[in-house]
Amino acid sequence: MTQSLPLLNGTEEYSLVTTKALYDDTVKFYERYFQLVHDKEIGTLTNSLVTIKLVVDDSFKPLDIAEDKDWRAIVSSSLVFSCTDIQYFKNLAGKQTVQAYPNETNPLEVYLKDPNGYVVGITETKNAISIKPTLPKQSVESSLISSRSSRVDISSASVTTGSSYPAIPKTVNTQKSIAVMTSGGDAPGMNANVRAIVRTTIFKGCNAFVVMEGYEGLVKGGPEYIKQVCWETVRNWSCEGGTNIGTARSKEFRERPGRLLGALHLIEAGVDALIVCGGDGSLTGADLFRSEWPSLIKELLETGKISNAQFDRYQHLNICGTVGSIDNDMSTTDATIGAYSALDRICQAIDYIEATANSHSRAFVVEVMGRNCGWLALMAGIATSADYILIPEKPASSREWQDQMCDIISKHRSRGKRTTIVIVAEGAISNDLTPITSKDVHKVLVDRLSLDCRITTLGHVQRGGTAVAYDRILATLQGVEAVNAVLESTADTPSPLIAINENKITRKPLVESVQLTKSVADAIHSKDFKKAMALRDSEFVEHLGNFMAINSADHIEPKLPKETHLKIAIVNVGAPAGGMNSAVYSMATYCMSQGHKPYAIYNGWTGLTRHESVRSLNWKDLLGWQSRGGSEIGTNRNTPEEADIGLIAYYFQKYGFDGVIIVGGFEAFVSLHQLERARENYTAFRIPMVLIPATLSNNVPGTEYSLGSDTALNSLMQYCDVIKQSAASTRGRVFVVDVQGGNSGYLATHAAIAVGAQVSYVPEEGISLEQLTQDIENLKESFDKAEGRGRFGQLILKSSNASKVLTPEVLADVITQEADGHYDAKCAIPGHVQQGCLPSPIDRTRGTRLAIRAVGFIEAQQKVMEQARTIDDDDFEFDAPEIVNTASVLGVKGSNIVFTSIRQLYDFETELSRRVPKTIHWESSRAIADHLVGRKKL
Ligand SMILES: Nc1ncnc2c1ncn2[C@@H]1O[C@H](COP(=O)(O)OP(=O)(O)OP(=O)(O)O)[C@@H](O)[C@H]1O
Ligand SMILES: O=P(O)(O)OC[C@H]1O[C@](O)(CO)[C@@H](O)[C@@H]1O
Ligand SMILES: [Mg+2]
C-alpha cells in the first residue's frame with residue numbers, strides 16, 4: 001500500500017523529538033545516506049532533537065511512499081556538513097532526483113528518493129550542504145504518536161521550540177543514553193547542571209534521561225521516574241533555584257534490595273550512564289552502586305529479570321559525579337555546586353544583621369548549615385569579618401573555646417566595636433565530640449560578657465533562591481565535562497568526579513575522593529582532629545589560618561620579631577571593583593598580626609603626588625570595610641608617569657616603604673610596569689612590589705581571575721534575570737544588553753552562560769553581518785517555535801566594544817524590523833550598575849586570600865631587595881632574574897596561584913594596544929555558551 005505526500009505550498013518548519021527507537025532507525029538511515037553521498041566519511045548526527053524543514057512549492061510533485069516502510073526513520077535530525085565536492089551531489093542528484101529545480105534564493109535544491117522510498121531534501125548554500133528529511137507534518141506526528149514508548153513522555157517532548165545546532169560533533173555515540181539525577185539536599189545550581197548535561201547529551205547525539213526524585217526515582221523506576229527529555233525541557237533552568245527534577249534522601253537505596261531495583265530500572269530504561277549531582281552521601285551511594293553492579297546484574301539475570309542480551313549489553317555501569325551540595329564537604333574539589341550561593345545568602349543575612357546589631361550594640365549568634373563541615377561558617381566568617389567562628393574541624397575543649405572567644409570579643413569591644421557576630425556551624429563540636437549549639441554560645445556571651453545577645457538560625461533560607469553566577473557557570477561547565485567524561489569512559493576507566501581546582505575544571509577519581517571525604521569524618525569521630533584538618537584541602541587550612549590571623553589582629557603579640565617588621569603601602573588604581581576593600585582590609589589587618597605597619601595611599605597616585613594623601617591604617621578605621629563595595633581609600637586611572645613618578649619616588653623614600661601592594665585593573669598593571677622600569681633611576685622603587693588584579697573586565701595578564709569580576713557577573717546576571725522576566729511576560733521580546741569590559745568579552749561570555757542568553761557578541765570576535773543575519777534567523781526560529789509553550793523572552797549580550805557601529809539601539813532596531821511584527825527588541829544599558837553594590841562573597845574571600853599572599857610575597861622578597869638597595873646605581877642589576885621577579889602580578893592560572901614578573905607579562909604576554917592578554921584563558925567557554933543555546937556559528 002502506498003501513500004501520497006500531500007502537496008504543500010511555502011516553507012514550513014517543524015521541530016520534533018525522537019524516541020530512542022526512532023533515533024536508532026534514523027542513524028541507520030543516515031549512515032546509508034552518507035555512504036551513498038559522501039563515501040569518505042560517515043556523517044555525524046547532531047542529536048535527537050530535530051528541525052525538519054519542508055521546502056516545497058508548486059513545482060514539487062507529490063511522491064509515493066510505501067507505508068510499510070519505516071516512516072519513523074525520516075523523522076529525526078537535521079544535519080549540516082561541509083562538503084567541497086558539490087559536483088558529486090549534482091551528479092548524484094542527476095541520477096536519483098525525483099524532482100530537482102533551481103531556485104532564485106537558493107542556488108540548488110534537490111529532492112532525492114532512495115530505493116527504499118525515503119525522501120530527503122538537499123539544500124546547497126554558500127558554505128554548506130544541508131540534508132533535511134522532508135515529510136508532511138501530519139505524518140510525522142502520527143508516526144511519533146504511533147511509536148509512543150511507555151518510557152517516554154511524548155506529550156511534553158513532541159512539541160518543541162528548540163533551535164538547531166551550530167556544529168557537528170566529531171563522533172556520534174548512538175549507543176549511549178545518559179541519565180542525570182540530583183540527590184541529597186538540593187543546592188542552587190543543580191538545575192544549571194542538569195540543563196548542561198541534558199543539552200550536551202543531545203548535542204553529542206545521545207539520548208538524555210532524567211531520574212526524578214534522586215535515588216527514590218531509581219528504586220521506583222518506570223517512565224514516571226526515569227524520563228527521556230528533550231532540549232526544550234530544560235529551557236531557562238539555569239536561572240531557577242532548587243532542583244526541578246526533585247531530590248530525596250532515600251532509605252531504600254542504602255540497602256542492597258533498593259539498589260537491585262535501581263539497577264533493573266536503569267536497564268529497563270536503556271540507560272548506559274548515570275551522572276549523579278549530589279553531596280558526599282550521594283556520591284558514596286553512587287560509588288557503592290558501581291562497585292556492586294556486576295553482582296546486581298548477575299542476580300537480575302539469574303532471577304530472570306533481565307535477558308542475556310541485556311546482561312551482555314549492560315556489563316558496566318558508567319557513573320560520573322558532579323558535586324552538588326551547599327556544604328562544600330567533598331574532598332578533592334575546591335567548590336561544590338551551590339556552596340557559594342548558600343554563602344551569598346549567609347553573607348547577605350549577616351550584612352543585614354550588622355545594621356541592627358550596630359544600632360543596639362548587640363551580639364548575634366548566627367547558626368549556619370554544614371553538618372560535618374565548617375566551610376560555610378569559615379568563609380562567612382572571613383567575608384563578614386565575624387568576631388569568632390565555631391566549626392567541626394577545629395574543636396577545642398569547652399573551656400578553651402569559651403576563653404578564646406570571650407578574649408577576642410572583649411578586646412574588640414574594648415577598642416570600640418559595637419557589634420559582635422559569632423558564627424556557629426550546625427555541626428560544631430567541642431573536642432569531646434559534644435555538639436556546641438547556638439544556645440550554648442548565647443549563654444556564654446550573656447553570662448561571661450554580659451552582652452545583649454540574640455540568636456539567628458538561618459536554616460533553609462541558605463539553600464533557597466536562585467544560584468549565584470559562579471554556581472551557574474560552574475554547574476554548566478561541569479555538566480558539559482561530565483558528559484564528555486562519560487562518553488570517553490571505557491570499561492577500565494575509573495569513575496570520575498568532576499571537580500574544580502582554583503580555576504580549572506578537572507576530573508578526579510570518584511572512589512578516592514569519596515574515601516578521602518569519608519576519612520575526614522572518621523578522623524573527627526575518632527577525635528584525631530589534626531588528621532581531619534590535614535585531610536581537608538589546603539585552601540581550607542589556608543582560609544582558617546587567615547581568619548585566625550585577621551580576627552585577632554592588633555590584639556595579640558605580633559607573629560614576627562621586631563627587626564623584621566615592615567612598612568607596606570597599598571594603593572587602588574583604576575575603576576572601582578568589588579573586593580578592593582576586602583583586599584585593603586585583609587592586607588592591613590594581616591600586616592598588624594605580623595607586626596608590619598600598613599599604609600594606605602588615598603585616591604591613587606595623584607592623591608599621593610597632589611596631596612600627600614598617605615596614612616597608616618589603624619584597626620578601628622577599618623571596621624566594616626570587608627563587606628563594603630567600591631573603594632574606601634579611593635581609586636582613579638592615573639598611572640605613576642601621569643601623576644609624576646619622581647614625586648612618587650620621593651614619598652616612597654620619605655615614608656620608608658619596604659613594599660607596595662597595588663590593587664587594580666589594567667592601569668594598575670601599567671603602574672607596576674612603570675615603577676619596575678623606574679627602579680633604574682629611583683632607589684625608592686627597589687622594594688618588592690605586587691599587583692592584585694581587580695577589574696570587572698578580567699583582562700589583566702598573568703591571571704584568570706581579577707577581583708571584582710565575580711561581583712560584576714552577579715550584578716549583570718541579576719539585571720538580566722529581571723529583564724528576561726519582563727521580556728518573557730511581554731510574550732515576544734528580545735533585550736539587547738550593553739555589557740562593559742573594555743576589549744575583553746569575559747563578562748559578556750560568562751554572563752551569557754549564567755543567564756542562557758541566545759547570543760553574546762564580544763570584542764574578540766566582533767559582529768559580522770553574516771553572523772548577525774544568522775543570529776536573527778535563529779531568533780526567528782526560536783520565537784516561532786515557542787508557540788504552544790508560551791513565548792519566552794530572549795537576551796542578547798553585547799560587549800560595548802564588540803562593535804561601535806552596531807550599537808545596542810541599532811541591533812534592537814534591526815531585529816525589530818526583521819521580526820516583521822512577530823516580536824520586538826529593545827536595548828538595555830546596565831552601565832555602571834555592573835560594578836556592583838556590595839562585593840560578592842567570592843570577591844571578599846579571594847580578596848582576603850590574595851592580600852595575605854601578597855604580604856607574604858613582600859616579606860619573602862625583602863632579602864633580595866635589601867641587598868639591591870645597598871648597591872651603587874651603576875652596579876644595580878636591573879635585569880637579574882631574582883630582581884625582576886620582585887615585581888610581580890599575583891594571579892590564578894589553571895589550578896595554581898602564581899606570581900609572574902611584570903617584565904615577563906608586559907613584554908611578552910600582553911597585547912598592549914588592546915589592553916588584553918595575548919592568550920585568552922576563557923576561549924573554550926564561548927563554544928559552550930553557544931552550543932547550550934543552539935546558536936549556529938558561522
Ligand atoms: N553509604 C551509602 N550507601 C548507599 N546509598 C547512600 C549512602 N550514603 C548516602 N546514600 C544515598 O544518597 C542519599 C543522599 O545522601 P545524603 O543525605 O548524605 O546527602 P548528600 O548527598 O551528602 O548531600 P547533602 O549533604 O548536600 O545534603 C541518601 O539518602 C542515600 O539514598
Ligand atoms: O533539608 P534537610 O534534609 O533537613 O537537611 C539539612 C542538611 O542538608 C544540608 O543543607 C546539606 O547537606 C546540611 O547542611 C544540613 O544539615
Ligand atoms: Mg553530605
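Glycine residues also receive a Cβ, built from the backbone N, Cα and C atoms like all the rest.
Computed from a predicted structure; not experimentally measured.
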Look at the ATP binding annotation in TrEMBL, where Arg249, Ser250, Gly279, Asp280, Gly281, Ser282 are given, and name the residue from Gly185, Gly189, Gly370 listed for that site too.
Gly185
For the substrate site that TrEMBL assigns to Ser325, Ile326, Asp327, Arg362, Met369, Gly370, Arg371, Arg454, His460, Val461, Gln462, Arg463, which of Glu292, Glu400, Glu426 is also named?
Glu426
Do any of Ser325, Asn698, Gly741, Lys826, Val833 (binding-site residues) have a CA within 10 A of Asp280 (Mg(2+) binding site), and if so which?
Ser325
Among Asp327, Met369, Arg371, Gly741, the recorded positions whose C-beta sits under 6 Å from ligand 2:
Asp327, Met369, Arg371
Lying 6 or more residues past either end of the region 'Interdomain linker' (553-566) yet within Cβ distance under 8 Å of it, the residues of that chain are 408, 411-412, 415, 589-597, 619, 658-659, 858-859, 862
Any idea which of the binding-site residues Ser325, Asn698, Gln835 has the thinnest Cβ neighbourhood at 10 Å?
Gln835
Rank the binding-site residues Met369, Leu696 by the number of other Cβ atoms within 10 Å of each Cβ, and give the residue at the low end.
Met369
What Cα-Cα separation, expressed in whole Å, is found between Asp327 (active site, proton acceptor) and Arg463 (substrate binding site)?
10
Express the distance between the Cα positions of Arg454 (substrate binding site) and Gln835 (beta-D-fructose 2,6-bisphosphate binding site) as a whole number of Å.
34
Return the members of Asp280, Val461, Arg463, Arg733 (the binding-site residues) with CB less than 6 angstroms from at least one atom of ligand 3, or none.
Asp280
Could you please provide the mean pLDDT value for the region 'Interdomain linker' (553-566)?
90
